[in-house]
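If you look up Swiss-Prot, you'll see GLY16, PRO17, THR18, ALA19, SER20, GLY21, LYS22, THR23 marked as ATP binding site, on the strength of sequence analysis. Residues or ranges marked as substrate binding site in Swiss-Prot: THR18, ALA19, SER20, GLY21, LYS22, THR23. The annotation region 'Interaction with substrate tRNA' is assigned in Swiss-Prot to 41-44, 165-169, 253-258, 286-293 on the grounds of sequence analysis. Per Swiss-Prot, the feature site 'Interaction with substrate tRNA' maps to THR107, ARG129.
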Amino acid sequence: MIASAASAPRAICLLGPTASGKTAAALKLAERWPVEIISMDSALVYRGMDIGTAKPSAEEQAIAPHHLIDIIDPLDAYSAAQFANDANALIDAIRARGKLPLIVGGTMLYYKALTQGLSDLPGADPAIRAEIDAEAARDGWPALHAKLALVDPVTAARLHTTDAQRIQRALELYRLTGQPMSALLAREVGANAFQQHDAAAPYLTIALEPSDRLVLHARIAQRFDAMLAGGLLDEVEGLRRRGDLSPTLPSIRCVGYRQAWAYLEGEIDMAALREQGIAATRQLCKRQITWLRSTPERHVVDCLAPDYVDQVARLVQTSLESQSQ
């Protein structure tokens, strides 16, 4: 039990891009302190999606209690707002048990929702989404990315030309409001800057960032190959055989799954599956690092350093000691 849960950080947030060693570091912390782990990963919420998400094994999950893993069916959706609500409730419950909440993951929108709140943007509009999907089917997502660049160059500049989910949302918001998504978000941030800073203060945020991105890219390739060898295609084929899932769902849009689905549909060959899967993972990694670097309250640890786990532990120890004084 933590000596004084009231004096400890509200939660420790261990953030990092794909393949940065978050799980290994979290489990080492669990060996030293009485933590409960809250997953902050938009793919780990899905049941039956284990290999392509690098879900912690049953043995790993037995080391410490894990939360927000395997909580919904791939047919369903899970939002950043839902995560914030669930995580806040879990943090309070874990602290009440005298334990230390440890939030681990790389879904940075979830982190923003938890620590800063979300902007009050309009919800999804099925008619507009259907219209955008029809345009994409006819012209391709790169063409829609070009359309987005004309009306919202700031958002378009940070999106890959085939990032269907985010291009769709940005165009949807523009067509709903007549304003660029970037302007809507900037207005919200400006209006709530003080509250956001104040809300983020109780968290100890540690970011695992690579000193050499090429080394992380090599790790990503090795990891994707290991997923293929470990049965990713069989896992995705099982999802396809259900008959109620499609590549338009957020679950099947997850990196690795949409490429494997396309291969099983006969749309691409094995070489393209591997190439596209690795490229998509690297794009995800790039977005995650960009988000991390815009997080001023973080403590950076080089995830490629041989002693990176020890560095993380020292930051936690220092925080616990300073809070108890």
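Cβ atoms are placed via backbone N, Cα and C, with glycine included.
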Nearest of the recorded positions (THR18, ALA19, THR107) to ARG129 (site 'Interaction with substrate tRNA'), judged by Cα-Cα distance: THR107
THR18 (ATP binding site) CB neighbourhood, other CB atoms within 10 A: 20
Site of maximum Cβ density within 10 Å, from recorded positions LYS22, ARG129: LYS22
Rounded to the nearest Å - Cα separation of ALA19 (ATP binding site) and THR107 (site 'Interaction with substrate tRNA'): 13
Three-class DSSP secondary structure - GLY21 (ATP binding site): coil
Sequence-remote partners of the region 'Interaction with substrate tRNA' (41-44) [C-beta within less than 8 Å, at least six residues beyond its ends]: 52-53, 55, 68-70, 78, 83, 104-107, 109-110, 250-251, 254-255
For SER20 (ATP binding site), the number of other Cβ atoms found within 10 Å of its own Cβ: 27
Sparsest-packed of the listed binding-site residues (GLY16, PRO17, GLY21) - C-beta count within 10 angstroms: GLY21
Assigned element (helix, strand, coil) containing ARG129 (site 'Interaction with substrate tRNA'), judged by DSSP: helix
CB contacts for ALA19 (ATP binding site) [other CB atoms within 10 A, all chains]: 24
